[in-house]
Amino acid sequence: MHRCMPLVAASMAALMLAGCGGGDGDTTLSTAAATDTTTLKTAATTSISPLWLTIAKDSAAFTVSGTRTVRYGAGSAWVAKSMSGTGQCTAAFFGKDPAAGVAKVCQVAQGTGTLLWRGVSLAGAEFGEGSLPGTYGSNYIYPSADSATYYKNKGMNLVRLPFRWERLQPTLNQALDANELSRLTGFVNAVTAAGQTVLLDPHNYARYYGNVIGSSAVPNSAYADFWRRVATQFKGNARVIFGLMNEPNSMPTEQWLSGANAALAAIRSANASNVVFVPGNAWTGAHSWNQNWYGTPNGTVMKGINDPGRNLVFEVHQYLDGDSSGQSASCVSATIGAERLQDFTNWLRSNGYRGFLGEFGAASNDTCNQAVANMLTFVKNNADVWTGWAWWAGGPWWGGYMYSIEPSNGVDKPQMSVLAPYLK
C-alpha cells in the first residue's frame, strides 16, 4: 500500500512525495468477483470491542440519550456504569476515583452501524523526505485551516495530517522541536475548534532517518518516548486521534507489533484517553492482511495488540490498481475495492475489532469512479466493524497529481462528485 507521485507546482516541481518507491510487492492478487461486493456474507461474529469517545472533562455535567455505557477515568484506569439522562464526570457520581490525582474524562461507548469519520489526508508536512529536516515553506508545508474548512463544508468531519517524526523530534529521546510543534498545534487547534477531528499521522513507514523501529538505532523505547511526548501535548483535545505510524513495511510483523505495543503503553501512561489507530505491517494493506509473503501475516500477529486503554481501531490502506500500490491511473475493475476489503472485514468481525480505511484513492475515469463508489458502499454497509475512511489526498502542493481532490481555483476535482453521496 504505497503511493508515489511527483509534486507538481510552480515553485515545487523538484519535490517528491516522502517515501516514494516500490509498492507493496504483491502482484498476484485474486480479483475474482464475489456474489455481492457491497455486503459481507461470511465470517463468524464475535462481540465487537467498544470504541470510546469523550463527552465531558473532569467535574463537568453531561447528558446521554437513551441508556448508554459511560466510563470515567484516564489512560488505562476506568470505572464504568450504565446510565441514562444527566450525569456528572466525578468520582462521587461513579462511586470511585480510578485514577487519583490525575485529570479525568468521561467517555461514552459508541454503538455500531454508523460511520463515525469521513475525511481526507491533507498532505504537505511530510514532503521533502530527501531534505530532512528541511526548510519550512521550501521543502515542506503545513496545510491551512482554510483548506480543512473546504472539506468540512463538503461534509468531511476528519482530517488526516501527515508529518515527519524527524522534524517534530530532531533527536531521539529529546524534546519536541518548538517551531515544528507550533506549526502542528496551530493547525490542530484551529481545525478541531471548528469541529473537525484531526488524525495525527507520523508519515515515517516505521523508520527514523531510515532506521527501522525496533533496531539498535531506534529502539522501541525511543518510539515510545516520542508518543509519550505527543500524547502529553494533545491528550486534552478529544478531537485528536493518534495514528501510530504510516505504513510500516519490510520488517518482521512481530517486530512492528512490539513497537506498537510500546507506543500504546506510553500513550496510556501519559493518561491520554484518545482513540488510537493501529496499522499493520506490509504497508498495512487490507488485501494482504492474512497473506504471508511479507512474513507472519498481520491477521495472526496483530491479534497480540495490547491497548491498556482499550480504545483502538485498526487502520488499513487499500488502492485499486493492479498491485494495490496507488501509482496508476487505472483500476482493476468496478468491484475491486469491495473485494479487497472483504477478507479484512471478515477478520475484524471474527476477532471483535473495528477498522478504519486510512488511505484510498483513484484517478477519475468510469471504472475507477464505480470502484470507489462500490468500496464506500461496502464500508457503509459494514459499519458494525468499519468506523470510516479518509481519501488520499488533498493539500496545497499537489499540482496535477491524479488522486488529488484539492480544489483548483475554487473548482472541485471530479472525484469529489463520487464522494459527495457518501458525505450526506
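Each Cβ is built from the backbone N, Cα and C atoms, and glycine gets one as well.
Taken from Swiss-Prot, the feature signal peptide applies to 1-19, supported by sequence analysis. The feature S-diacylglycerol cysteine is assigned by Swiss-Prot to Cys20, with sequence analysis given as support. What Swiss-Prot records for Cys20 is N-palmitoyl cysteine, and it gives sequence analysis as the kind of evidence. Positions annotated as active site, proton donor by Swiss-Prot: Glu247. Among the features that Swiss-Prot reports, active site, nucleophile is placed at Glu359.
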Q) How many other Cβ atoms are found within 10 Å of the Cβ atom of the residue listed as 'active site, nucleophile', counting all protein chains shown? A) 27
(Q) Give me the CA-CA distance between the residue listed as 'active site, nucleophile' and Glu247 (active site, proton donor), in Å, as a whole number. (A) 10
Q) For Glu359 (active site, nucleophile), what is the secondary structure by DSSP, using just helix, strand and coil? A) strand
Q: Enter the number of other CB atoms within 10 angstroms of the CB of Glu247 (active site, proton donor).
A: 25
